[in-house]
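Enquirer: Have a look at the structure that comes next, please.
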Amino acid sequence: MQLISFLSNPLFFCALLLKFRTIFAACDSSQFECDNGSCISQYDVCNGEKNCPDGSDETALTCVSQRQHCTKPYFQCTYGACVIGTAGCNGVNECADGSDETRLRCGNEDDIRQHDRRLQGNCKENEFKCPSGICLDKSNFLCDGKDDCADGTGFDESVELCGHMECPAYSFKCGTGGCISGSLSCNGENDCYDGSDEAPLLCNTTKKVTTPVVTETPLELLGCPLPLGDERPILTGDGSRVLTGPITRGTVRFSCKQGYVLEGEESSYCAKNKWSTSTIPKCVKYCSTAGEFDGYSTKALCTHNGQQVECRKPFHPPGTEVKFVCSTGFKTLSPLPEMRCMKGGYWNRGRQRCEQDCGQLATPIKQFSSGGYTINNTVVPWHVGLYVWHNEKDYHFQCGGSLLTPDLVITAAHCVYDEGTRLPYSYDTFRVIAAKFYRNYGETTPEEKRRDVRLIEIAPGYKGRTENYYQDLALLTLDEPFELSHVIRPICVTFASFAEKESVTDDVQGKFAGWNIENKHELQFVPAVSKSNSVCRRNLRDIQADKFCIFTQGKSLACQGDSGGGFTSELPTNAFSTWNTARHFLFGVISNAPNADQCAHSLTVMTNIQHFEDMILNAMNRSVETRS
């Protein structure tokens, strides 16, 4: 990755070469000398890619002086490198410090809110929590150039927290993004945590500058040295007795609190202010995976030092990289950005979700002799069976339903409602089965998957038979999401404008799924056509306002076991949609329920989902926000 545009400015190019030749004279005039003595081409310096073996060509000390020369259309990394203009938030780390892909630069509103909550921890509003646990005021101590957390990690001056910031024109931007007074640059003292305000190329000097010294407390000057802050291990002596310090003599065992891992020996002997081991043990903060990788819309692949590691571990060391791909049944228009565990034990960005790919089906169908179509599960992959256990030996079939998200089912309220108590049945008496080909609970196929129910939500106005099944609609949240496949997919929903909500129009060609009443009760779908509420009233004068009806076509029937199932229709998608094919959409839920082994020969009453937009969308949004 070379930025040959600098060649278009010969005066800049000659001046830059002269500076490099003056300060790094060991290499020839067309080369840059790395800190380890290696020589690389001048054109490979400050281009976002580490070309020196030690990476010294991509540091703030080397690159911060080039900032004024990096203008649009190029993108300027926080430490000063100049890279391709599309680098910002394209999912690829073009900058050596990752400043083009930080969470605060690229994250959505949810990512930023989550980041702010974690940064605040249990501190007050407008404060942030250091790794050591102390709370500091954001406006005074965050990204001010100083290591105010004083733990040696520069946490409050990190690129992740400060790299996205814009500094005022009168100030100087440090190599990690913090802002200091412009008068402090090149004053002979390091006022930026990374020393970038005294960079040799910026200040035209080669002498070492002084760094303010943090005076250690007298306690730490006595006895064997120990790390400060959260890096300090838990010290125990004989009999697991916790030691405080100073440690002047004796054998000490080291351990760390949860979330930290010990680097160094587990025990050492202290004498004459020195440990018997060559390195001082310290605790390193690892990145927690709690809530980071979880989500049914993506799958994660974790690596550390180039080796694949188990993502399910509760903590990962700094340097761990996580790649994501969309789960089956989900998609994205651009590659998902990677996550990295940073020094200090935090992730550089949040996980990005994929979009649900609903309403898709596959495989041909064959005609069923009675007028319905016996089908492969892929033809109605959103259709599920609802089974109940009421003081019996096993579950028995109750109703059908439709999958809205991997963990949310829509069905009829009367399927889960106790007319005697006027309350829903207990959620733990139900079980949902997806990809169910045979209706009987005990007749299974390898494709079917089972989930328990953890929450039942019934439409607030539902009163059962007393109100003639008005608002006959319920949502079931599952204890665990289904893993989507070619036989398990959610149905699409869309909601019309206010004026169009009152009724489904006439003659919408669609179908509903159920299990036939013959032989093994195999899965089938029934073709049908819709009729508006006003047309339905000619046959059913007491039909409620939230209903429409469908007429089954041919000899096909709607039977008792079809209650709760969905009437769906294939529709073309919007030309501006990210979908490029027709999709199947849910129009209504079967409400009327003939007696067992009876079927409706004429019309079937449906609950129109358009009357429940808030209820449905709120539940779907909860699923996406908490579990996708």
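Cβ atoms are placed via backbone N, Cα and C, with glycine included.
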Enquirer: Swiss-Prot pairs Cys354 with one of Cys326, Cys341, Cys358 in a disulfide bond, so which one is it?
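Expert: Partner cysteine, according to Swiss-Prot: Cys326.
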Enquirer: The disulfide recorded in Swiss-Prot for Cys135 goes to which of Cys123, Cys130, Cys143?
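Expert: Answer per Swiss-Prot: Cys123.
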Enquirer: According to Swiss-Prot, the disulfide involving Cys283 connects it to which residue among Cys256, Cys302, Cys311, Cys341?
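Expert: Here Swiss-Prot pairs Cys283 in a disulfide with Cys256.
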Enquirer: Pick from Cys130, Cys174, Cys179: which cysteine does Swiss-Prot list as forming a disulfide with Cys149?
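Expert: When Swiss-Prot is consulted, Cys149 turns out to be bridged to Cys130.
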Enquirer: For a quick check of packing: other C-beta atoms within 10 Å of the C-beta of Asn621 (N-linked glycosylation site), how many?
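Expert: Its Cβ shell of radius 10 Å holds 11 other Cβ atoms.
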Enquirer: May I ask for the distance between Asn621 (N-linked glycosylation site) and Asp472 (active site, charge relay system), taken between their Cα atoms and rounded to an integer number of Å?
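Expert: Cα to Cα, Asn621 (N-linked glycosylation site) and Asp472 (active site, charge relay system) are separated by 22 Å.
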Enquirer: Can you name the residues of this chain that are 6 or more positions from Cys283 (disulfide bond) yet have a C-beta less than 8 Å from its C-beta?
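Expert: The list for Cys283 (disulfide bond) reads Pro227, Asp230, Glu231, Arg232, Pro233, Cys256, Lys257, Tyr260, Val261, Leu262, Glu263, given in order along the sequence.
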Enquirer: The domain 'LDL-receptor class A 3' (122-163): which same-chain residues, six or more beyond its ends, come within Cβ distance under 8 Å?
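Expert: Apart from its flanks, the domain 'LDL-receptor class A 3' (122-163) reaches 78-79, 97-99, 102-105, 174, 176-180, 184, 191-194, 197, 214, 228-231, 285, 342-346, 348.
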Enquirer: How many Å separate the Cα atoms of Cys192 (disulfide bond) and Asp472 (active site, charge relay system)?
Expert: 65
Enquirer: So of all those active-site residues, His414, Asp472, Ser563, which one's Cα sits nearest to Cys167 (disulfide bond)?
Expert: Asp472
